[in-house]
Structures are given as structure tokens and as C-alpha cells.
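K.L.:
Handing you this structure, nothing more for now.
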Amino acid sequence: MEHHMAPKITVIGTGYLGATHAAAMAELGFEVLGLDVVPEKIELLSSGRVPMYEPGLEDLLRRHVAGIDGATGRLRFTTSYEEVADFGDVHFVCVNTPQKHGEYACDMSYVDSAVESLAPLLRRPALVVGKSTVPVGSAARLAARLLELAPAGEAAELAWNPEFLREGFAVQDTLHPDRIVVGVTSKQAEKQLREVYASPIGEGSPFVVTDFPTAELVKTSANSFLATKISFINAMAEVCEAADGDVVKLAEAIGHDERIGKKFLRAGIGFGGGCLPKDIRAFMARAGELGADQALTFLREVDSINMRRRGHMVELAREAVGGSFLGKRVAVLGAAFKPDSDDVRDSPALNVAGQIHLQGAQVTVYDPKGMENARALFPTLGYAPSALDAARGAHAVLHLTEWREFRDLDPQEVGAVVDERRILDGRNALDPQVWREADWTYRALGRPRI
Ligand SMILES: NC(=O)C1=CN([C@@H]2O[C@H](COP(=O)(O)OP(=O)(O)OC[C@H]3O[C@@H](n4cnc5c(N)ncnc54)[C@H](O)[C@@H]3O)[C@@H](O)[C@H]2O)C=CC1
Ligand SMILES: O=C(O)[C@H]1O[C@H](OP(=O)(O)OP(=O)(O)OC[C@H]2O[C@@H](n3ccc(=O)[nH]c3=O)[C@H](O)[C@@H]2O)[C@H](O)[C@@H](O)[C@@H]1O
């Protein structure tokens, strides 16, 4: 009987997506080699440490990284493309695809460079699998490039396998995905990917096989839908504020309709992060290039509703401190773009903090995990080592990222250190009653003033 070896896997780009994917693939039993162009990241990962905060990821990594006591040794890291090309049968491309400076379009230079570094070294059969979020049409272009550059010729193939993980739940989402989507041009590629994902498929994750453009579009349309849902509820929050309605109750009530659903209806200062904002913009830009820009004009509105939230939060805060920020102290609870992450890319919390600082207030920020990243991006803001320290002497406290730690704060304890008991809840996540009972003025976006 033919002895079939499990494919060896490489992961190119070991950031939020790639580091998680690499560790998860080792957990599923594969031999994995991760590569990044930043040697410091590779050093950290090789010693079993994760260069960012993602719940459960470090434990997973330490179970597998070669050289760690008791680890399986299935996971290693390198900066050498030669090593990756020699080692792998399936190469996942997980590099960043940020927004271009001053444009809506996606910056494909990192993906292009990853493929151009790897392809000329592929001498034996290989499946290169794109996971980064890219404009539709990229996979076809990269497949042609691969064929042009790889010494293995047609034995080096491309597939597209978009990723849907959420930060904060990355490990769980990778090991137990809602669905697996693969864009392929051959049965062989499909077969190989079925083998890689045999475990989640066996657990019941739907496996959707499609062509390149559809696979790319599934990703951008999923993120567009999520962004639209958030902006929808934030538009309702604007109307609620004008009509003295309560958007939290409204969301709960419409969410009982299963066709609408309860998820992604949390009104507040809106969506941020390294994905939703840049993905909807890149999608609009790409649709424009394809002559289908009209189809996505609604995303422009989704984006502008979202950006208005930040400005509105600043206005509410200014109003709360008496009409001007000059000489006022403002405490900001939260810097990460969402809880359970240290990611501050396009963070609504930091954007609001930055605007208030520019308008003359003394702003002090605290975040359980995002401090280092926040300081690097906004070095002129004040930072404190705890929520209580941030609140000391404040004329207003702004709750901008809904960490558990903030929900558990004791309003009396915080009340003892502030100058004025004023709290603005930018995430509709605190219990208004608890704060009001402790003599705080509580105000939230889209809820009655009382
Ligand atoms: N962060 C997330 O939750 C998710 C991200 N995505 C997509 O995944 C991609 C990666 O996102 P993140 O992991 O958040 O970005 P990231 O910035 O955290 O990680 C990207 C990594 O790629 C490395 N890199 C850049 N150029 C390289 C090259 N030529 N060769 C090797 N490594 C290189 C960087 O040094 C960095 O470590 C993006 O397209 C993003 O839209 C998709 C789903 C979820
Ligand atoms: O493409 C990506 O990178 C990922 O983008 C999002 O994941 P993520 O950015 O980690 O975070 P989300 O949980 O989607 O939250 C995004 C933003 O929306 C905000 N949000 C979310 C939900 C909600 O009801 N209201 C709301 O304002 C969050 O505070 C956060 O700023 C998607 O949820 C993932 O499926 C996708 O893989």
C-alpha cells in the first residue's frame, strides 16, 4: 500500500493571523515552519512567546514550539525563504494588506513580495495558499506570476483560502471555523486543502469550494456585511438620540427576530481595527476599477456613519465638561479597538482620545493590554498604569473599549478619585443604574439622557 505522508505546512507572515494559523496547524498534527521578515518576531516566537496579545495563543504555541520543554516540536520559525521552500508542501501566505497611504485601495506590495520571494525557490510540487484579504482578481494575477517564476512549473499551484477569525477569539475560530472557503482551479488543490482541514471538516465545519474571484469576494462581502450591520445600528442610535429613544432596547427587540439576529448590533463609537475599515474601503476602490462602483456606494455611507460616531463622542465629552476642553482632565478607559486584544490599528478609542487631546484637554489613557501599542502610535497622550490612576482628578471618564475589567469597576471607588462624577459610555456596555445609584452622571450614545 502506498504510504501517504501528511503535507508539511509553512506560514508566511506571522502576525495576528499567521502566528495563530501556524500554532493551530501544529495543534492539528502537522509539521509547521513559520516565516516572517521581522527577525525580532521570529526570535520571540521561537522561544515560545507571542509578539502580541491574543487569548490562549501563547499556551498553544508553547505546546508545539521545538525546544520548549514538553512541546511536540512540530512548530519552528525561520526568516529564510530557502528553508521554507525546501520544507513545505502547502505554503500559507498570511502577510498584511493595509490601506495604501492617502488612498482607499489595498496595498498589495507585501503579498506580491512574499510570492516573488517564494516562487523562484519552488523546485518541487507545492500549493501556495493565499489567506490575506485581497482585492478580487489578485489570486488570478498571482497564479500567473507563480507559473512564471516557479522552477517547478505547473507543479507549483495557487489556491485562495480567506480567513474569518476574530481577534480575541483567534485560536478558537481557527481550530473550529464557522466555514472553510477555498478558491481552487484544480481537483488536486481541493484534495490537499481537504486534507489540511480534515479535522474541522470532520467536526462539521462546512467546506465551500469555489473559483478564485468568488473566494476573494466571500471575504470582502462578509466584512462589508458586518460593517453594515454595525453602522445600521449606529444610524438607529442617531435617530434614537434625536427622538429620545433607547438604542440598546431597540437592538434587543429587533434582534429577537431571527432573520435580523442579536449579534453585531452593539451601538457605540463604531468599528475600527486592522480589517473592517480598510476592507470596505479597498472593496469600494476595487469595485470602482471594475466599473461596478455604483453597487457599493452604500459602503461610503457605512463608512461615514462609522466615522461620525467618533466625532459625536468627542462632542458629548466636550458638552459634559462644560463646552470647552481647555484646562480639563479626561480619563479614557480603553485603547485597543476591541476588548481581549492589544491591537490599536484604527482604534476608535484612541482616535477619540487623540481628538480630545488636540482640543486642549489633558487626556490620560489606560488599557489592560494595549498600552505599549498605544504609546507607540500616540506618544503625546498621557498614560496611567490602572483605570483608577487614569481617573484620578478627571472631570469626565470615557469608557471606550468594553474590557471586562471596566464593567467590573466599583463606581464608588472610582468616584472617590475623580474631580467630577461624570461617565460617558461609548460602548453601551456599563450598567447605567449601578453608576447612577453611585451619584454619577451616566451618558451613553443613543440612549435617553435621564
Ligand atoms: N487580524 C485579523 O484578525 C485578520 C486578518 N486578516 C487578514 O490577514 C492579513 C494579515 O493580517 P494581520 O495578521 O492582522 O497582519 P499583521 O501585520 O499582524 O501581520 C503580517 C505579518 O506579515 C509580515 N510580513 C510582511 N511582509 C512580509 C513578507 N514579504 N514576507 C514575510 N512576512 C512578511 C509582517 O512582518 C507581519 O508580521 C491581512 O490581509 C488581513 O486583512 C484576515 C482575517 C483576520
Ligand atoms: O477580516 C478580519 O480581520 C476580521 O474582521 C472582523 O474581526 P475583528 O476585526 O477581529 O473584530 P470584530 O469583532 O469584528 O470587531 C470589529 C470592530 O467592530 C466593533 N463592533 C463590533 C460589534 C458590534 O456590535 N459593534 C461594534 O461596534 C468592535 O468594537 C470593533 O472595533 C470580523 O469579525 C472577522 O470575521 C474577520 O476575519
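Glycine is treated like the rest: Cβ placed from N, Cα and C.
Automatic prediction, not curation, is the source of TrEMBL annotations.
If you look up TrEMBL, you'll see Cys275 marked as active site, nucleophile. For Asp36, Lys41, Thr97, Thr133, Glu167, Lys278, Arg345, the entry in TrEMBL reads NAD(+) binding site. TrEMBL lists Phe164, Leu165, Arg166, Glu167, Lys219, Phe264, Leu265, Arg266, Ala267, Gly268, Gly272, Lys338 with the feature substrate binding site. The domain 'UDP-glucose/GDP-mannose dehydrogenase C-terminal' feature in TrEMBL is assigned to 331-432.
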K.L.:
Do you know the mean pLDDT across the domain 'UDP-glucose/GDP-mannose dehydrogenase C-terminal' (331-432)?
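P.N.:
Per the prediction, mean pLDDT sits at 98 for the domain 'UDP-glucose/GDP-mannose dehydrogenase C-terminal' (331-432).
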K.L.:
For the binding-site residues listed here, Asp36, Glu167, which shows the highest count of neighbouring CB atoms within 10 A?
P.N.:
Glu167
K.L.:
In which DSSP state, out of helix, strand and coil, do we find Lys41 (NAD(+) binding site)?
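P.N.:
DSSP assigns Lys41 (NAD(+) binding site) to helix.
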K.L.:
Distance check, please: Cα of Arg345 (NAD(+) binding site) against Cα of Gly272 (substrate binding site), rounded to an integer number of angstrom.
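P.N.:
A Cα-Cα distance of 7 Å.
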K.L.:
What are the non-local neighbours of Gly272 (substrate binding site), defined as same-chain residues 6+ apart in sequence with CB under 8 A from its CB?
P.N.:
Phe337, Lys338, Arg345, Asp346, Ser347, Pro348, Ala349, Asn351
K.L.:
Tell me which residues of the chain lie with their Cβ under 8 angstroms from that of Lys219 (substrate binding site), as long as they are six or more apart in sequence?
P.N.:
Thr133, Pro162, Glu163, Phe164, Val181, Asp279
K.L.:
What Cα-Cα separation, expressed in whole Å, is found between Asp36 (NAD(+) binding site) and Arg166 (substrate binding site)?
P.N.:
21
K.L.:
Would you find the one among the binding-site residues Lys278, Arg345 whose Cβ has the most company, meaning other Cβ atoms within 10 Å?
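P.N.:
The residue with the most neighbouring Cβ atoms within 10 Å is Lys278.
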K.L.:
Could you give the Cα-Cα distance between Ala267 (substrate binding site) and Cys275 (active site, nucleophile), in whole Å?
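P.N.:
On Cα coordinates alone, these residues lie 19 Å apart.
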K.L.:
Going by a 10 angstroms cut-off between Cβ atoms, which of the recorded positions Leu265, Ala267, Cys275 has the sparsest surroundings?
P.N.:
Leu265
K.L.:
Can you tell which of the binding-site residues (Thr97, Thr133) has the fewest other C-beta atoms within 10 angstroms of its C-beta?
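P.N.:
With the binding-site residues Thr97, Thr133, fewest surrounding Cβ atoms within 10 Å: Thr97.
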K.L.:
Checking the recorded positions Ala267, Gly272, Cys275, Lys278: which ones have Cβ within under 6 Å of ligand 1?
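P.N.:
Among the recorded positions listed, those whose Cβ sits under 6 Å from ligand 1 are Cys275.
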